[in-house]
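Participant: First, the structure itself, so that you have it in front of you.
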Amino acid sequence: MPTIEVKSSNPYQVRIDKQLNTEIVTTAQLSGAENVAIITQPPLLERAGTLEKMLAQAGLASHVLAVPDAETGKTLEVAGRCWDQLGEWGFSRSDLIIGFGGGAATDLAGFVAAAWMRGIKVIQVPTTLLAMVDAAVGGKTGINTAAGKNLVGAFHEPIAVFIDVDHLDSLPQDEIIAGSAEIIKTGFIADPRILELYEKDPAACLLKDGHLPELIARSIAVKSKVVSQDLKESGLREILNYGHTFGHAVELRENFSWRHGNAVAVGMVFVAELANIRGLISDELVERHRKILKSIGLPTSYSQGHFEELHQGMKHDKKNRNSMIRFVALRDISDVVRLEGPTDEELFQAYSRLALEMS
């Protein structure tokens, strides 16, 4: 399986393979760290414990730090507890954190590492499909606040990312489906081959022994190319937020009870409809969004009667400038543009179209 190079001021590799613990330990040794903390989630304690024992056997002072599962772990309170623990363990600027888990764990681990002593090394070991193709690659870290998702954070690149596809065996099907939304996103913005694979055999796209490893690699290749050119989202990197403006508003309204990928799927349909209203894309391309997403069981509609709440959520999006709502939109496959300042009427019309299938 491939190794993907992320080229930046601090280049690093994304390793995609099976049984990668030995390589993780070797990388930790070569980092110069004496102390290593694995930040993980309760369901993964056994697997994290196996890695911790291997680190200890290699002569590293290793620790496991369990944080609350999912988005409930991405808070300032939880980050504070992590920093307190690092202090008790005597972590210095030369030490290392390993983020081991889903996207919430890797986001939190990266943020904790970015802030401790103004930045210590971090290795990311994503264990969910969503984290593999989205959260763990690119150096974005963050926590949530009452005002929105990931509004507090830092850009802090890992020294390595290890994607062990064996972790996919333990994931429920609905988690594989939700994570696939981020892969499909990269297909629309940069890699038509991804879309073709889903259209040809959607079932195989959900299988570790089918197309899924290739899709993971293709999606990461898209993201790594973008991140290599624009680490801090000053321009090009914004294209990775396709579907996220409305998606994040849905997550906020649902109090983060929706899976991120499901919200992004609906967000892609929303912005496709908005682009269609603006005359940027055809009815056929909007329908292609729906068909591909629905082919693997992702949602493409949203309940009505909540426009004002969602509108407020979109107003808090990080891409906005001067109080203007800005969307990443398409003119065609792999042809991405900014859609700025839509009217309330246009937004409401796009929102209303999300209910057409439900009526």
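Glycine residues also receive a Cβ, built from the backbone N, Cα and C atoms like all the rest.
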Participant: Given that Swiss-Prot lists GLU182, HIS244 as binding Zn(2+), which residue among HIS156, HIS260 does it place in the same site?
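Facilitator: It is HIS260, as the record lists it for that site.
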Participant: Under 8 Å Cβ-Cβ from THR128 (NAD(+) binding site), six or more apart in the same chain: what's there?
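Facilitator: Same-chain residues close to THR128 (NAD(+) binding site) (Cβ under 8 Å, separated by 6 or more) are GLY101, GLY102, GLY103, HIS167, LEU171, GLU175, GLY179.
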Participant: Give me the sequence-ordered set of same-chain residues, not including GLU182, HIS244, HIS260, with a C-beta within 8 angstroms of the centroid of the Zn(2+) site's C-beta atoms.
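Facilitator: Those within range, site residues removed, are LEU130, ASP134, ALA181, LYS185, GLY243, GLY247, GLY261, ALA263, VAL264, GLY267.
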Participant: Would you mind reading off the Cα separation of LYS149 (NAD(+) binding site) from HIS260 (Zn(2+) binding site), to the nearest angstrom?
Facilitator: 11
Participant: What does the structure give for the C-alpha distance between HIS244 (Zn(2+) binding site) and GLU71 (NAD(+) binding site)? Integer Å is fine.
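Facilitator: Answer for this pair: 16 Å between alpha carbons.
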Participant: Using HIS260 (Zn(2+) binding site) as the reference point, find which of the binding-site residues ASP69, GLU71, GLY73, ALA105, ASP107 has the shortest Cα-to-Cα distance to it.
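Facilitator: Comparing Cα positions, the candidate nearest HIS260 (Zn(2+) binding site) turns out to be GLU71.
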Participant: Taking the Cα atoms as reference points, how far is ASP69 (NAD(+) binding site) from GLU182 (Zn(2+) binding site) in Å?
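Facilitator: Computed Cα spacing between ASP69 (NAD(+) binding site) and GLU182 (Zn(2+) binding site) is 21 Å.
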Participant: Round to a whole number and give the Cα-to-Cα distance in Å for the pair ALA105 (NAD(+) binding site) and GLU182 (Zn(2+) binding site).
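Facilitator: Each residue's Cα considered, ALA105 (NAD(+) binding site) and GLU182 (Zn(2+) binding site) end up 18 Å apart.
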